[in-house]
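J.: This is the structure I have questions about; it appears just below.
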Amino acid sequence: MASLQANATSSLQYQTAPLESSHIPGSPHSVHVLLEGYSKDVGGDLFQADGSVTLIQGPLTVLVDTAGPWSRDSLLQSLQNQGVAPADVTHVICTHGHSDHVGNLNLFSHAEILVSYDLWRNGYYVAHDFRAGVPYVLPGGEGLEVVATPGHTGSDISLLVPGTSLGTVVVAGDLFEREGDGDSWQPLSEDPERQEDSRAAILKVADVIIPGHGPPFRVIKHGQLAQQETKNN
């Protein structure tokens, strides 16, 4: 990720497009959005929100974010619908420590747990230098990689999932609120400048982004756009 960040400020031409399905098959990894995040202005100073929850299945069974505690029953039912019990989950990755992303961690106490830059394995804290831009490669994960994407908070992380039918999927938490979020994410950001750099870095490598509070979307780069136009002509 360090090399990505070094090039993050260079221009990138791309388009986004909605993804029609919450399931992305692939080998060695498939991705399923169990709960789609949302954020609603309900009037006054009140918002109603919950974070997306994503299941990655392959050599490991990985859950990214756990939603808020108010979504416990929905999360358990969604896992059950996929034939997954909480005890089957090998790794839980929380993109940051806000309550709508970590609210059900207690369901997965046996799993390796990564919350922001803090990694726990078998009840022990394991040091990892995310602040220096060192990615965390999940052992046995066949390319699953956690990278630092600070900005929304000072220690946000994202999971890179290669080997799907649509290419590399990035589960990005609140790095992206939703497709086409424009500048609306900036008031929610602890450090908008760093977040802008993190967003640019992820856009360079992602074919699909799963945001924190909206449906997944495709990222179509300039070269891909040119190829599509050639095919259409």
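Cβ atoms here come from the backbone N, Cα and C positions, even for glycine.
Swiss-Prot lists these features:
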BINDING   His96, His98, His152, Asp174  Zn(2+) 1 binding site
BINDING   Asp100, His101, Asp174, His213  Zn(2+) 2 binding site
J.: Go through His98, His152, His213, our binding-site residues, and report the one whose Cβ sees the most other Cβ atoms within 10 Å.
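T.: Going through His98, His152, His213 one by one, the largest Cβ count within 10 Å is at His152.
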J.: Measure from the Cβ of Asp174 (Zn(2+) 1 binding site) and count the other Cβ atoms within 10 Å, all protein chains considered.
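T.: Its Cβ shell of radius 10 Å holds 30 other Cβ atoms.
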J.: May I ask which residues of the same chain, at least 6 positions away in sequence, place their Cβ under 8 angstroms from the Cβ of His96 (Zn(2+) 1 binding site)?
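T.: Spatial neighbours, sequence-distant, of His96 (Zn(2+) 1 binding site): Val115, Ser116, His152, Thr153, Ser155, Asp156, Ile157, Gly173, Asp174.
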J.: In Å, rounded, how far does the Cα of His213 (Zn(2+) 2 binding site) sit from the Cα of His98 (Zn(2+) 1 binding site)?
T.: 13
J.: In sequence order, which same-chain residues at least six apart have a C-beta under 8 angstroms from His101 (Zn(2+) 2 binding site)?
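T.: Within the chain, His101 (Zn(2+) 2 binding site) has Cβ neighbours under 8 Å at Gly51, Asp65, Thr66, Ala67, Gly68, Cys94, Thr95, Gly173, Asp174, Gly212.
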J.: For the Zn(2+) 1 site (His96, His98, His152, Asp174), what does the 8 A shell look like? I mean other same-chain residues with CB within 8 A of the CB centroid.
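T.: Going along the sequence, the neighbours come out as Thr95, Gly97, His101, Thr153, Asp156, Gly173, Leu175, Leu188, Gly212.
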J.: Validating a neighbour-count step here. Other CB atoms within 10 A of the CB of Asp100 (Zn(2+) 2 binding site): how many?
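T.: Taking all protein chains shown, Asp100 (Zn(2+) 2 binding site) has 23 Cβ neighbours within 10 Å.
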J.: Using an 8 Å cut-off from the Cβ centroid of Asp100, His101, Asp174, His213, can you name the remaining same-chain residues around the Zn(2+) 2 site, in sequence order?
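T.: Near the Zn(2+) 2 site, beyond Asp100, His101, Asp174, His213, sit Gly37, Ser39, Ala49, Asp50, Gly51, Ser52, Asp65, Thr95, His96, His98, Gly173, Gly212.
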